[in-house]
Amino acid sequence: MPDIDTCPICVESPLEDSTTFNNIAWLQCDICNQWFHASCLKIPKIEVNNLHSYHCEGCSKSHGPSIPKRKSKRSKVQIDYVALNDGDVFAVDKSSHPHVDKFLSFEVNANEIDDKINPYIDFRKDITADYALDTRLTRPVLIPRADLDIVDMKLPIEGKEITIDYIANEVGDDTPLDVMDVLTQQGVNPGWNLGKWRDYYNTDELSRDRIRNVISLEISDVDSFGKSFRRPRIVRDMDLVDKVWNDKSPRPKVTKYCLMSVTGSFTDFHIDFSGTSVYYTVCSGSKTFLMYPPTEQNLDIYTSWCLQPDQNYMWFGDFTKAFKGKGCTPSGGFKVTLSPGDLFIIPSGWIHAVFTPEDSLVIGGNFLTLMDLSMHLRIYEIEKVTRVPAKFRFPMFNRVLWLTSWYYYNNKSQFLKDLGQDAHIKNEAHIKSEAHSRGEVHTKTETHAVKDEPQPDQSVQYKTLSCLVSHLQSHYESSKINKVARNTIPAGLIGKDIPGYLAKLQSWLDELSP
């Protein structure tokens, strides 16, 4: 048994060495006086700060559990002078974000549903583009401990070997980094570099001065890290930019992000830019999402919430807005926690907040799909109404849409396929064939043969193309007085006669009219 000044949990492989000793926090049992590394006990920082007396596992059997501090309206908090200096009197306690308590107390937990069919999360072993097109992904998809061969995803090295030191070494210590202050939900100014972030991340949880988060390090051009990482097959098959980008300028860099979050990190409710779908694989640590589906009611409430001048002070889940004559709050919400090795797919438009229970490293990315084009445009309009800064929107979104129109105008069969309509035809044909073999379908005359052939659902095609054409027509009108909008139109590809090109798209749309 080690002496009381040595942590007994990691005695075989000591946590601290000469370079980390001063950065590690300790807890002492008030009964036996044994010292422990706080991180070895895996007690979240927020709980450590609330302890009056710690009892180790052995002593708690005879002396009862640890004793929390007495709660009082006059209890002291760690004053967040940075937030106060910025004029934010809401975030006064810098040990955790003010919304974390409500997040953690949210009761509906998708991980705890025992029903055969989970109403919140689609738990699977694999996911393909065909499955996505068939189901329209009405629920997020979680593949626990995903088999990389099955989902056809490749990590640069084993997930458990992807550490903050590995990332800093591969990407480079001097790489500029956007760091978010969790308490204020604002970027840290002046910015950091990756070397400084690595040192902060490696600091013991209890010794960190503030909670900070990194969620926007794009790594697709990093040689041995990003370039050797292969996104899941479903993402590569459905990514709209992959299909349509036919441009000399660099494509939007949103495909591969490295997210580095410390314990207690919290990102308030948001929708990913332009309603992009998201893939998310956890290398280490864990993440908890609180999610709401993109129903018309929820999106309407979300838009109003974003427009509130005191939005940062308001918990989205409690926000009330009149919808169709009734006072409504967001509905259909649930929590889900991801563990190392999990692959998570968030469909287009989902409203979500994210909490980090323990230090975590994640690789993920965003992608547009033809299937979700109407939702992408719906969220794009919400971003305009709520005045989301250009920095936080999908880069070159309008150029992508012009290129999308050109690609599918010249590849109309692919338009059917990418909407899942060719599968619809094959499925209908198969059903009719099976029924015919059972004698349930009479032989048709030659006159009716063509009429009875299975046809694609034109309403799906029409709705998708209609919202695209409408958006491009509106964008073209804006381009007449807005140089930035004008420069996003790929005239070198579609020609300088933009009205003529739009007329061709309109004719195609008219052909699809149900």
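Cβ atoms here come from the backbone N, Cα and C positions, even for glycine.
Annotated in Swiss-Prot:
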{"type": "BINDING", "residues": "T267, K287", "note": "substrate binding site"}
{"type": "BINDING", "residues": "H270, D272, H352", "note": "Fe cation binding site"}
{"type": "COMPBIAS", "residues": "432-454", "note": "compositional bias 'Basic and acidic residues'"}
{"type": "DOMAIN", "residues": "220-384", "note": "domain 'JmjC'"}
{"type": "REGION", "residues": "432-456", "note": "region 'Disordered'"}
{"type": "ZN_FING", "residues": "4-62", "note": "zinc finger"}
Among the binding-site residues listed here (H270, K287, H352), identify the one with the smallest other-Cβ count within 10 Å.
H270
In Å, rounded, how far does the Cα of H270 (Fe cation binding site) sit from the Cα of K287 (substrate binding site)?
16
Between K287 (substrate binding site) and D272 (Fe cation binding site): CA-CA distance (Å):
17
So what sits near T267 (substrate binding site) in its own chain, CB-to-CB under 8 Å and at least six residues off in sequence?
M180, V182, Q185, N213, I215, A353, V354
For K287 (substrate binding site) and H352 (Fe cation binding site), the CA-to-CA distance in whole Å is 12
Neighbour tally for D272 (Fe cation binding site), based on other Cβ positions within 10 Å of its Cβ
20
Given the Fe cation site residues H270, D272, H352, which other residues of that chain have a Cβ within 8 Å of the mean position of their Cβ atoms, reported in sequence order?
T267, F269, I271, V278, I346, W350, I351, A353, V354
Under DSSP, is D272 (Fe cation binding site) helix, strand or coil?
coil
